[in-house]
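K.L.:
For 15-38, the entry in TrEMBL reads region 'Disordered'. The repeat 'WD' annotation in TrEMBL covers 75-108, 118-159, 167-201, 250-286.
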Amino acid sequence: MGKLQSKISFHTTKYGADGSVGQMGPAGAPQQHSPAHTDTVTSVAALRPDLCVSGGRDKSVAVSSWRSGAALRRFVGHEREVTKVTSALDSNRVFSASRDKTAMMWELHGASGPSQHFPGHDLVVTGLAVSPDASQLCTGSRDNTVCKWDTETGECLGRAAISRNLVTHLCWVPGEPYVIQTSEDKTTRVWDSRELQVAHTFPAKQHIQTCCDVSQDGRYCLSSSSGSAGHGAEATLWDLRQTRARVCEYRGHFQTTTSCVFLPRGPALAPSVATSSSDSTVKVWDRDTAGRG
């Protein structure tokens, strides 16, 4: 075992609380990078295998390298805190939502200002999902509405309102015209983006649903719950293709589960999901057995 370890070069990245990034190579020499934001980072999403996009309270959107930690582009245009960021994978377009009641589109290789502007919500925009080809955008808000937009023209193609549907998160089902949405009314909904109608609503949970994600094969959906003192705070796996019923739950957090995500699957790895929580932990779970890794 010692001989094997001696042949492996380890590279780790350390992210400091002061915003510094130090990359440790085999020689142990850190590489320092300037922080991408000047205030709290509120959202992060994959842009490409080597790039990520982030939004912050400093009203900016930044594109950074996963490997080096360096910020490559910074976009400024929102008037208030950026609440969500997203992108169609391998696209040159980045999308952001804000407390200024708008969403914006940015070109990775374009100007630092927005290439498209999507106004129309009455309150903070809290959900953002882009179609796989980046031609359409869905937004959700605390104003109880979900909107669909043409990303080329900025035209609003549809608007649907449901009482008490305070949107917390949106995600697009890969290869399908469906969008998953979580809400403060404790439900997870499946929207048909073609007519912007609810195609299915999962049974209501006991707590606010804070976040959602869809597996890359489009078969499963994850949602996460608020909670406190060990009550609630679970993540739930739903079947989208067959019964659209609850498959299993991941329990172990003591405070609100703020985010949930399907992890990329390696050839020799079991399917896994990850959850983060207000209890200051991140947990990795076996997707099918809910056992913790």
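Using the three backbone atoms N, Cα and C, a Cβ is placed for every residue, glycine included.
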K.L.:
Any residues 6+ beyond the ends of the repeat 'WD' (167-201) with a Cβ under 8 Å from its own?
P.N.:
84, 126-132, 136, 138-142, 144-146, 148, 157-160, 207-214, 216-218, 221, 223-224, 236, 238, 240, 244
K.L.:
Averaged over the repeat 'WD' (250-286), what pLDDT does the prediction give?
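P.N.:
Summing pLDDT over the repeat 'WD' (250-286) and dividing by its length gives 92.
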K.L.:
Under DSSP, the repeat 'WD' (75-108) has how many residues in helix, strand and coil?
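P.N.:
Breakdown, helix to coil: 0 helix, 18 strand, 16 coil.
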K.L.:
Per DSSP, what is the residue count of the repeat 'WD' (118-159) in each of helix, strand and coil?
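P.N.:
The composition, in the requested order, is 0 helix, 23 strand, 19 coil.
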